[in-house]
Amino acid sequence: MVRSLAQWTKTLSFPSRLSPNRNSKDCSNLNTNTSLLPPPTPPRNKTTNCATSRSSSSTVSTASAASTNSNNNNTNGNNKMPITELEQIIYPGPDPKQAIMGSLVFCIHHKQGCAWSDELRKLKGHLNVCKYDATQCPNKCGAQIPRIMMTDHLQYTCTMRRTKCEFCQSEFSGAGLEEHNGTCGQEPIYCEAKCGQRVLRGRMTVHKSKDCAKRLRRCLHCNREFSADTLALHVNQCPRVTIVCPQRCDIGPIPRADMDAHLRDECKSLAVACTFKEAGCRFKGPRQLLESHLEANAAAHLSLMVALSARQGQQIQMLKSAVSKLSINYTGTLLWKITDWSVKMSEAKGKDGLELVSPPFYTSQYGYKLQASMFLNGNGPGESTHVSVYIKVLPGEYDALLKWPFSHSITFTLFEQGCQTGQGGVAESFVPDPTWENFQRPSNEPDQLGFGFPRFISHEMLHRRPFIKDDTVFLRVKVDPSKIVAV
């Protein structure tokens, strides 16, 4: 590539040790608006670059002094220094161009990695062989490519190169190959339906219509579309596929969705069970014989239903017993909530000896079974004036394993409701006497009264203090096993 001197010098890079210092005071005086006389030309001796640099520096200093004197004498001068004079100051000698061409420079591609440096006059010859210098592509594609990249350009990126398609082996130019890529019919590509197979692009249409496992196919029975690889599975379950009755009856093929209804209502070959199967009838035969079986065995079916009813009654009782056990209190403390107090009190006053009994409770999971009772209008000495409370021992499941007589202390507490200062109430307790018959092991018909306090609380105190609220009373019966009478 041929360049002019102006093109070379635009990108020249001088070594810092030989380049003029443009920021120095000596150089700043070169642009002053005064006339400058050139200094005497020194003799042209071959010296090293360092000597030339020192001579140039001293010359510039002399020129600076002369310029200063000229400024003092001609303060109003506006004439600029001629170029020839400036060349003589920087490069003293009869031939300034020869001095310039002898300057040490770097290659214009030194930033790209070229390490060449020599005299300026040798730069042109170096650029003719520099591997970083750009030259025109020999294929005349119009690209300017550095020599170091020319081989790759000619092989891969040149639009005028001649190359072959790796699939169809057809020859193209570089630009033609780029247009051909992506359209070559011999290039293997993955199926667009994502079946996983690689097919030549030219056969993709045939593959998608005939061979692809993901192509859509329509079921001949229900007219729905499925992929080809799932159609066989659908046919085995399709509700509209006709199948033969498993009982080999006279009716022809039946749609799979209607088979259950056919076997339940129509199939004459199916062996059906008697409608009293749950009651115990073991008849099983063809459908046409079922009606005659029911007419001939009506009495037997009635007996089976009676027996079934009895068994179900026993099961119901067992379930009730299990539910009641789940609700039994095994903590040894009963909190008895008595609602509708006013109605029950009126009923107790109108009927002598009316007794309310609590749900039974146990002192522990395998302990004594107890039950509290209450006479709202009193009993015995407290009749018509007090509320009477009693406790009685009931027959329990584990009485044979317990120690008798019953000897735990019993405490009755009637709670006040809504007290601001804390929960108050009335409490009475007693420790059973081992000689009392009420606390011996109970028989199947225990004492109906039990033992307690006939004057537990008076009717007057019951209404004077807040024991009744929302027509409800709370009575707690607590068994303390730590207080046992020594026998």
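Just so you know, glycine gets a Cβ as well, placed from its N, Cα and C.
What TrEMBL lists as region 'Disordered' is 14-80.
Among the features that TrEMBL reports, compositional bias 'Low complexity' is placed at 44-79.
Residues in the domain 'TRAF-type' (126-178) partition by DSSP class (helix H, G, I; strand E, B; coil) as 18 helix, 12 strand, 23 coil. Here TrEMBL flags 126-178 (among others) as domain 'TRAF-type'.
Taken from TrEMBL, the feature zinc finger covers 126-178 (among others).
Note: the domain 'TRAF-type' (180-231) comprises 16 helix, 12 strand, 24 coil (DSSP; helix = H, G, I, strand = E, B). The annotation domain 'TRAF-type' is assigned in TrEMBL to 180-231 (among others).
Annotated zinc finger per TrEMBL: 180-231 (among others), in sequence order.
What TrEMBL records for 234-291 (among others) is domain 'TRAF-type'.
Summarised by DSSP class, the composition of the zinc finger (234-291) is 17 helix, 10 strand, 31 coil. Sequence annotations record features per position, and here TrEMBL assigns zinc finger to 234-291 (among others).
Here the domain 'MATH' (331-479) has a mean pLDDT of 91 out of 100. For 331-479, the entry in TrEMBL reads domain 'MATH'.
Residue counts for the domain 'MATH' (331-479) under DSSP, helix first, then strand, then coil, are 25 helix, 57 strand, 67 coil.
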